[in-house]
Each structure stands twice: as structure tokens, then as C-alpha cells.
Amino acid sequence: MTVQCKYCEKRAQLKRPKTGHAVCKSCFCSIFEEEVHQVITEYGLFRKGDVVGIGASGGKDSTVLAYVLNELNKRHSYGLKLHLVSVDEGITGYRDDSLQSVKRNESEYAIPLTVVSYKELYGWTMDEIVKEIGRRNNCTFCGVFRRQALDRAALKLHVNKLVTGHNADDIAETVIMNTLRGDIARLQRCTNIVTGSESLEEGDLVPRCKPFKFVYEKEIVLYAYHKKLDYFSTECIYSPNAYRGYARSYIKDLERVHPHAIIDIIQSGDHMTARVDAKMPTRIECTRCHYISSQILCKACILLDGLNSGKPRLSLTKASRPLAVSKEVCSKKDKVSKGKECSGSCGCAEIQGNDINYF
């Protein structure tokens, strides 16, 4: 018996993973695009004239995001200036190949591309880092460096919005991970569709948007397949031991039993709030590189210290434990802050111990 598409008279070709509805290829692609458009307009993600950087890895999520955003920008006259932003982590046989996909997308979609590299920014490639520390904690280094690299590239390009291809599965996994870690600060904001500052004052993070917040990973794969998009599908060679993998397996098991579980977890995360008296980290500026941080040294600088000193495992411990400092950090040069002499209770000793290079 032929199953008819829920939205037209054509023969259904697939069942939507998110809703279970039988749909034809044409209706599926149209609905996919319309739902993304509704999220963009409902949440007011963009304003006319915005310069929007698209975090492009060459994978399915960022490739579909670039294609859909480019189409919607033309169809609905968003008035956006789009720019692909890629990070080369320096992973031979993985990132070099995926960047070729991004470059083909640059040509096909007529969107300019900028690539920044770990080697250029930090003096290390991920291959070199893994050789130094092994495969157990390499995702910690990569995650910290990648996030900062995207921000630095966005600021350099004067981008005022950065969009990423994080989908519903990714966000649900993050809710589970932060719950298991007891990470209150990240748990409160991990489901936010926009993170960062809208003010864009000097030193602020570029606002990040997740237009695919409610889009299932399976539907992104189906969309890419039916649109015949060019993307790189190989998994990172260093990721099999990543902590996120366990959360991903758990989410997939839940989805098989109850497909709506992914959205349920996201909505649970949306409604989670910390107690009023819960102490949240204060956002300050890294004393060395001036990147936003919750400690006197940002995680990237702490991890780099460990790599450059030959003690990367010690830096992992430091990065996960905030440095104890007072409200004021004195100048290394004259030990004076706000006209008061250093009392010895501030972060001076910690700063000197980390050999800060002042600009």
C-alpha cells in the first residue's frame, strides 16, 4: 500500500524522525527550511545589516547551516552579509581533508572564507598536542582552543554574530553532560539559543546563535542527502574516547524508545535555574591574552603554559580549578592597584608564578 505525504498528494518517501510524519522529499526540505526560518524570526536572531560568521568545519551540520542560511537570506531578504569561518586544528588526514569541502562550499555558495589555525594562534597543532599528552584528554585542549580561535577570527573580521551548527542532539547531550558534572554555570546557559554579549564592547565575546536548536541530527543528514550537499563525513580521529560520546550513546538509546526525548531534555534545560544564593563565576579579562575569563588566566593560557613547560597534565588540573584571587589584581610592575599598596592577598603571587607576559 502506497503511503501518501501528509502535506501533499505525492507518495511519501520518508518518515520524519522528529514527528513521525510520512512526507515526500520536496515537502520535507520545504518544512525543514521553514522551521529554521521560524526560529530565526521568532527569536530575532539577526538584524538587517548584520555581518554573520558561519562556523564552518566541512561537516554535515555546518554545511547544511551555510546552505540554508544562504537560501533564507536571499528568499526572505534578511539583509545579512555572510562569512565562512573555519579553524584548522592541525589534524592530518582529517581537518586538511574537511577544509577542502569548506573551500568547495565557499565557491559554490559564493560566501567568503577565512581560516585560522592553532599553529598560527598557539604555536601547536593538535597532532603535536596529542603526541605530547596522549589521547585521553586531547578534547579538552581542542575544545578550549577552538572556541577561542573562532572568537578571535570573528573579532578580526568585525563579525557581530557567529552562528554554529549545534543541533538538538548536541544540546541535549550538553545538558546531560553538565548535569552529570554538576556544572551549574554551564547548565544555565547551554540551552540558550543566543550566548555572548549583544553590546560588543571591547573584549566582549561575539554573540553566538544556534539556528538548529530544535533540529534533529537525523533530519540534517536527510536534508543534506536529498539536497546532494557536499560535506565531509569522517569523524575526528581523536574523538572516540571523548566524554561526550557516552552522553551521545545515551541520547540515541532514549530517542529509539521515545523520539521526543531530545526536545524534552532541551526544554528541561531551558527551565533549570540556579538558586539565588548560588555563587556564579565573575567574568573578567585574562591578564595575559585579554580574552574573557572567569580567572586571572584564561583556560587557553593555562593549557599553553603546561604544553610549553612540558607539564600538560598539570595544566589540565589548573584549568579545571579556578585560581583564588581577590577583587583586585595588582600590576606586576609596581604592585599598586587603585592607589593602594599590594596587601599580598591578591593574585600577584599567582601571576608571577605563571610568568605573565604583559603588553
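Every residue, even glycine, has its Cβ placed from backbone N, Cα and C.
The structure displayed is predicted, hence computed values, not measured ones.
Look at TrEMBL and you will find 53-250 tagged as domain 'tRNA(Ile)-lysidine/2-thiocytidine synthase N-terminal'.
Within its own chain, Ser57 (ATP binding site) has Ser86, Val87, Ser98, Val102, Gly165, Phe232 as residues 6 or more apart in sequence whose C-beta sits under 8 angstroms from its own. What TrEMBL lists as ATP binding site is Gly55, Ala56, Ser57, Asp61, Val87, Gly165, Asp170.
Feature annotation from TrEMBL assigns domain 'Cytoplasmic tRNA 2-thiolation protein 1 C-terminal' to 286-314.
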Sparsest Cβ surroundings (other CB atoms within 10 Å) among the binding-site residues Ala56, Val87: Val87
Coarse DSSP state, helix versus strand versus coil, of Asp61 (ATP binding site): helix
Three-class DSSP secondary structure - Val87 (ATP binding site): strand
Chain-internal residues, separated by at least six, CB under 8 A from Asp61 (ATP binding site): Gly165, His166, Asn167, Asp170, Phe212, Glu217, Ile220
